[in-house]
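Novice: Handing you a structure now.
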Amino acid sequence: MSDVRGTRVPRGRGDSAFTAAPFRVVTQNCRGLNAPEKRAHLLRELKQQHVSVALLQETHLRVTDTRRLTDRRFPDAFHSTHPTARKAGVAILLANSLHFTQSDMMADGYGKYLFVKGVVAQRTYTFASIYAPNTKQAKFLRATLLKLANFTEGALIMGGDFNAPLDPILDSSTGHSSIPQTAIRTIRRTLRNLRLVDAWRTLHPGDRDYTHYSALHHRHSRIDYLFLQQEGLHGLLDVEIRPTPWSDHSAVSMLMDSPLYRPVQSTWRLNESLLSDIAIQAQLVEHLNNYFTENDTDDVSALTLWEAHKSVLRGLLIRISAEKKREAQQQMASLADQIATLETLHKRTQLESHYRTLLTTRRQLTELIARKHYRTTQRSKAFFYIHANKGGRLLAHMIRNQQATAQ
């Protein structure tokens, strides 16, 4: 992983251009990330939630495909993949705002676990993403956690899909599990030896909530976990289970205290799809006509009039774009709320009709996400179509350097 350097704003500067950045860790069983729409929605979701560290399981990516799971906010990622098949696979995505400096990494050859350690804000962290098999979970976790104990340095944060409820009475809708109690006690004993604490159970000691529903066994279970060491509990702010419409597992999100800062404002980019809307075109023409009619006077020069109209047009496009974005977000938020309500209802009633309605609502949200991803892809293709045959500034610099060397 490359060393991404930057300036961290210390506390107490009072700089209004920066605000405290949350240190949010999310664990998510992705159920495959081969579809471009799923990868795009995952990265967009992580960005909207200001996620710093994403611990992913079941990525199902080949070694040659791992580079596709990156973007500007998560330019580098660590992966452990299966050597021959598109199954298993774990990954750790680290936001560039962490300025993470890698020191070491450990992974198995079958995409079951991945450990990464390095420095964040002059403090050493170890991040672990684990995907346990469907059988012999205790044996796998005991061996994996032993390797993790020898690898760990600094603060340890671990997340993953354990495929086992640690407390069947509270973590299973039926109150019991098919996994033997001896195996569950072995897992819990191994976690205690590493001083690891279940973050969600710490803040919700008596609550019942689940992260996965098995349609085959008609059972809800909490099998996705986030753990941190006991000495790090003072920095724990919040933990929640979030429904994920594009996966059969819910995400577990943990918010911790952080010394990092981030910029308050971001840059604006024109949404080119607005220009193809006939109603918006008419609105732009009317707005420009009114602008030139009201401001084309003798005391205003032609240069000032022309330069100012760009700001006026930009402000109008920002307002229209914000309204469109707000409507789309409200529609997606409404569907997400319906999914959360239906999941809660199904957890309580276990009715097949509620489950079918839940699947239909998930499908609607997935189609909406796919359309948004399609527009993004088309915009990218349009950019390359327009600029493919034009020499850019980067190409000009390269040619100039080559000419200077040759001469």
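Just so you know, glycine gets a Cβ as well, placed from its N, Cα and C.
Under the heading active site, TrEMBL lists Tyr131. Marked as active site, proton donor/acceptor by TrEMBL: Asp161. Residues or ranges marked as active site, proton acceptor by TrEMBL: His249. What TrEMBL lists as Mg(2+) binding site is Asn29, Glu58, Asp161, Asn163, Asp248, His249. According to TrEMBL, the coiled coil annotation covers 318-345. Sequence annotations record features per position, and here TrEMBL assigns domain 'Endonuclease/exonuclease/phosphatase' to 27-249. Summarising the annotation, TrEMBL assigns site 'Transition state stabilizer' to Asn163. The site 'Important for catalytic activity' annotation in TrEMBL covers Asp224. For His249, the entry in TrEMBL reads site 'Interaction with DNA substrate'.
I'd like to know what surrounds each of these features in this structure.
Specialist: For Tyr131 (active site), applying a Cβ distance below 8 Å and a minimum sequence separation of six or more within one chain yields Asn29, Gln57, Glu58, Ala88, Gly89, Val90, Gly111, Lys112, Tyr113, Gly160, Asp161.
A 10 Å cutoff on Cβ-Cβ distances gives His249 (active site, proton acceptor) a total of 21 other Cβ atoms nearby, all chains included.
In the predicted model, the coiled coil (318-345) shows an average pLDDT of 83.
Taking a C-beta cut-off of under 8 Å and a sequence gap of six or more, Asn163 (Mg(2+) binding site) has these contacts in its own chain: Ala132, Pro133, Asn134, Gln137, Ile223.
Here the Cβ of Asp224 (site 'Important for catalytic activity') has 24 other Cβ atoms within 10 Å, regardless of which shown protein chain they belong to.
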Novice: Please report the Cα separation of His249 (active site, proton acceptor) and Asp224 (site 'Important for catalytic activity') in Å, rounded to an integer.
Specialist: 8
Novice: Mind checking which residues reach the coiled coil (318-345)? Cβ under 8 Å, same chain, six or more beyond either end.
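Specialist: Here the qualifying positions are 213, 243, 245, 250, 268, 270-271, 274, 280, 283, 354, 357-358, 361-362, 364-365, 368-369, 372.
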Novice: Enumerate the residues of the same chain, Asn29, Glu58, Asp161, Asn163, Asp248, His249 excluded, that satisfy the criterion Cβ within 8 A of the mean position of the Cβ atoms of the recorded Mg(2+) site; list them in sequence order.
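Specialist: Apart from the listed residues, the neighbours are Cys30, Arg31, Gln57, Tyr131, Thr211, His212, Ile223, Asp224, Ser247.
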Novice: Work out how many Å separate Asp248 (Mg(2+) binding site) and Asp224 (site 'Important for catalytic activity') at their Cα atoms, rounded off.
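Specialist: Roughly 12 Å, rounded to the nearest whole number.
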